[in-house]
Amino acid sequence: MTATALVTTGNPAPKRRMKRRTGQTIIWMIGLTLLTIVVIYPLLWLFASTFKPNSEFGSNQGLIPNAPTLDNYVKVAEGIAGISMWTFFSNSLILAVSAVIGTVLSSALAAYAFARVKFKGLGILFTAMIGTLLLPFHVVIIPQYIWFQKLGFVDTFVPLILPKFLATEAFFVFLIVQFIRQIPRDMDEAARIDGAGHARIFWSIILPLVKPALITSAIFTFIWTWNDFMGPLLYLNSPENYPLPIALRLYNDQTSASDYGATVTASFVALIPVLLFFIVFQRFLIGGVATQGLKG
Amino acid sequence: MTTTLTKAVVTSDKDGKRSRATVPPLRPGLRKKGWRESLAGYAFLAPWLVGFFGLTVGPMAYSLYLSFTSYNLFSDPKWVGLGNYVRMFTDDPQFIQSAQITLVYVIVGTPIKLAAALAVAMLLNYRDKGAAFFRSAFYAPSLIGASVSVAIVWRAMFNTNGPVDSGLSVLGINVGGWVGNVDLVVPMMILLAVWQFGGTMVIFLAGLKQVPKELYEAAEMDGAGAIRRFKAVTVPMLSPVIFFNLLLELIGAFQVFASAYIISNGSGGPAGMTNFITLYLYKRGFADGQFGYAAAIAWIILIVVGVLAFVLFRTQKSWVHYAGEDR
């Protein structure tokens with residue numbers, strides 16, 4: 001809104017132009033800073049609230065706790081329903097790390113086939129792969145659940161990890177395909193003349209060159225798996241198998257009225273790894289999203 | 001979509017042929033080894049193929065079958081023909097309500113989110129100083145928006161006497177909490193979706209960077225004002241990106257689950273107003289054990305999303321401009 005208002009102002013003398021530009025930049029900065037505060041406020045509020053004693057939640061809605069305390073963290077560290085926080089945390093970690101390994105490996109293999117190998121049915125299968133990008137997950141969760149249930153895998157990590165090794169997330173296959181297409185073909189043609197096969201070209205030439213796309217996929221997979229709620233909700237029954245999001249539900253259900261502080265603090269603790277990943281890798285994440293939307 | 005996709009594949013094939021043609025000795029060998037090449041392709045594709053047929057195509061076929069049955073996981077599926085579908089539209093007010101609030105959420109929320117994303121992207125594109133910082137700050141919510149943590153925060157923020165409520169009462173507006181309010185809980189969910197505009201914004205921003213500056217300069221020379229330049233340069237140049245974002249956001253919005261579940265403690269309340277279609281499907285299937293009925297709901301969702309996507313693709317000729325086409 002500021003932009004349009006500023007651009008339409010009249011034609012000042014050239015000398016004033018510099019001043020006007022600086023003025024505009026300042027207004028622009030202030031406007032965006034205010035917007036940033038609005039957008040980030042929920043997260044700031046979450047962080048600040050972890051230091052509030054329970055009694056303060058009804059009265060103090062501001063950012064600064066009146067009587068800051070670490071009690072909430074102590075309570076969260078003790079765990080809930082007789083299970084330590086560390087159990088939930090390590091469950092989340094096992095799921096996320098396996099998902100990263102599986103997704104990156106299987107997506108890179110599929111992407112190489114789509115981008116660099118000529119095989120019968122390439123066009124149809126590629127279209128089908130993109131099609132799964134648009135497919136609502138509703139139609140597959142019921143049969144998947146029934147099958148995993150019949151196979152006796154409910155309440156294990158198998159239904160949550162196995163699909164990751166089968167390149168089911170088309171987003172990453174597509175992302176890596178886009179990346180491989182940017183690599184000049186001369187490199188693998190040359191390797192081919194030297195007698196290298198596809199396995200060799202994939203492993204020694206393509207993989208090292210698409211490292212940024214692999215890192216992007218790995219970070220997204222980690223964060224999405226870490227935050228995933230529906231999968232664990234469907235497949236895991238025993239609290240000792242719960243990852244953090246489902247464990248948060250324990251706080252939310254059982255203690256929402258009485259122990260607000262612990263609920264909020266557990267929520268914040270669950271977000272810490274994601275926020276750290278974001279701060280460290282934001283360039284990869286934003287770059288990945290940006291290239292994904294702009295084909296060709 | 002089919003048009004753009006096949007186009008992408010075809011261009012890459014062309015490229016491939018061109019570069020292969022520059023290396024003549026390879027050609028005859030490659031042709032003879034066509035079957036080996038295909039074999040290699042399938043070998044690389046093996047995990048994806050297993051996943052595609054085992055976890056996507058197979059389940060789709062099975063859920064289509066289940067949607068014509070009554071099935072509770074413990075006895076064999078019983079064929080009921082169109083019974084589930086008939087029941088949905090004639091004898092299940094909860095489904096009708098669920099479908100209605102989901103459509104409102106999708107149809108109202110998506111354009112607001114896209115407009116916010118585009119507006120902020122244009123603001124960020126206006127100056128470079130500090131833009132990277134703001135871009136990251138705005139992107140953060142997109143990454144965590146669907147998490148349980150954020151749903152818990154959102155519920156706390158919009159609860160009776162929560163920060164939003166107290167903030168509004170300072171301004172003299174007393175709404176008495178959003179979470180339990182039948183009229184305000186859907187707008188609150190839409191706000192949660194709009195708050196995650198950052199991912200969409202990043203894609204818009206990347207698109208804006210590719211619009212040639214000369215076009216704006218030329219338009220300005222011709223005396224076009226800011227609104228005119230937006231309509232005549234930004235929107236057409238950005239239309240493929242708008243199309244892409246619109247499509248993905250529409251489909252994504254249908255799938256809201258964790259936040260609705262957490263905010264209503266799994267109930268879909270108040271008065272069914274957060275009983276979004278995915279939550280309703282979950283309750284019917286996984287809580288009540290009506291898997292046949294849930295499968296039918298899933299197919300209705302698929303059909304609605306499919307029709308929406310089809311309509312979008314059909315209309316794209318009239319408003320989506322791809323570089324290099326006409327002009």
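Note that Cβ sites are derived from N, Cα and C of the backbone, with glycine treated the same way.
The transmembrane segment annotation in TrEMBL covers B:39-65 (among others).
Residues annotated as domain 'ABC transmembrane type-1' in TrEMBL: B:99-312.
The annotation transmembrane segment is assigned in TrEMBL to B:103-126 (among others). Here the transmembrane segment (B:103-126) has long-range neighbours at 134-135, 138, 186, 189-190, 193-194, 196-198, 200-202, 204-205, 208-209, 234, 238, 242, 245-246, 249-250, 253-254, 256, 276, meaning same-chain residues at least 6 beyond its ends whose C-beta is under 8 angstroms from one of its own.
Annotation source TrEMBL lists transmembrane segment at B:138-158 (among others). Under 8 Å from some Cβ of the transmembrane segment (B:138-158) lie the Cβ atoms of residues 120, 164-165, 177-179, 188, 192-193, 195-202, 256, 258-259, 261-263, all in the same chain and six or more residues away from its ends.
Residues or ranges marked as transmembrane segment by TrEMBL: B:184-208 (among others).
Sequence-distant contacts of the transmembrane segment (B:238-263) (same chain, at least 6 residues past either end, Cβ-Cβ under 8 Å): 1, 102, 105-106, 109-110, 113-114, 117-118, 145-148, 150-152, 154-155, 179, 185, 189, 192-193, 200, 203-204, 206-208, 211, 274-279, 282, 301, 304-305, 308-309, 312, 316, 319-322. Per TrEMBL, transmembrane segment is recorded for B:238-263 (among others).
Annotation source TrEMBL lists transmembrane segment at B:291-313 (among others).
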Within-chain partners of the transmembrane segment (B:39-65) [C-beta distance under 8 Å, separation at least 6 from its ends]: 77, 295, 298-299
Long-range environment of the transmembrane segment (B:184-208) - Cβ separation under 8 angstroms, sequence gap at least 6: 101, 104-105, 108-109, 112-114, 116-118, 120-122, 124-125, 135, 138-143, 145-146, 150-151, 154, 158, 175, 178, 234, 237-238, 240-242, 244-245, 249, 253, 256, 259-260, 263, 270, 273-274, 276
